[in-house]
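K.L.:
Below: one structure in structure tokens.
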Amino acid sequence: MKKRILICDDDASIRAFLREALENNYEIVEADDGKEAVRLITREHFDLLITDIKMPGTHGLEAIERIRERNKEIPIIICSAYRLMEDDIIVKTSDVSAFITKPIEVPTIRKKVFELIGS
């Protein structure tokens, strides 16, 4: 049985890119905002969350906070175009597993996912 990854990004092209990069080895489910990601994670099992930070509505950090209230174990990768010094603090304080700066490269995301959950 394939491990399940939830991809949360408001940009459909990013979700499609990540799906294409990972779907051969993992089952992919998509959410277009943080609210939907929280809803899915509270109802279904996922082995990994990949999320953007800057999204309309419930943004990535708020979603991570809500998810961590319910699930402290799921690895989380933040993928964002915004990489500031504050992001390093966010990663450390939010119990996030990794931060990958957009544009995302296929070998980078595949390697990080494999490191976190195997295949």
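Every residue, even glycine, has its Cβ placed from backbone N, Cα and C.
Pasting the feature list from TrEMBL:
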DOMAIN    4-117  domain 'Response regulatory'
MOD_RES   ASP52  4-aspartylphosphate
K.L.:
Within the domain 'Response regulatory' (4-117), count helix residues (DSSP H, G, I), strand residues (E, B) and coil residues, in that order.
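P.N.:
Counting residues per DSSP class in the domain 'Response regulatory' (4-117), I get 53 helix, 24 strand, 37 coil.
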K.L.:
What mean pLDDT score does the domain 'Response regulatory' (4-117) have in the model?
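P.N.:
Here the predicted model's pLDDT, averaged over the domain 'Response regulatory' (4-117), is 90.
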K.L.:
Taking the Cβ of ASP52 (4-aspartylphosphate) as reference, which residues of that chain separated by at least 6 in sequence fall under 8 Å from it?
P.N.:
CYS8, ASP9, ASP10, ASP11, ILE14, GLY60, ILE78, CYS79, SER80
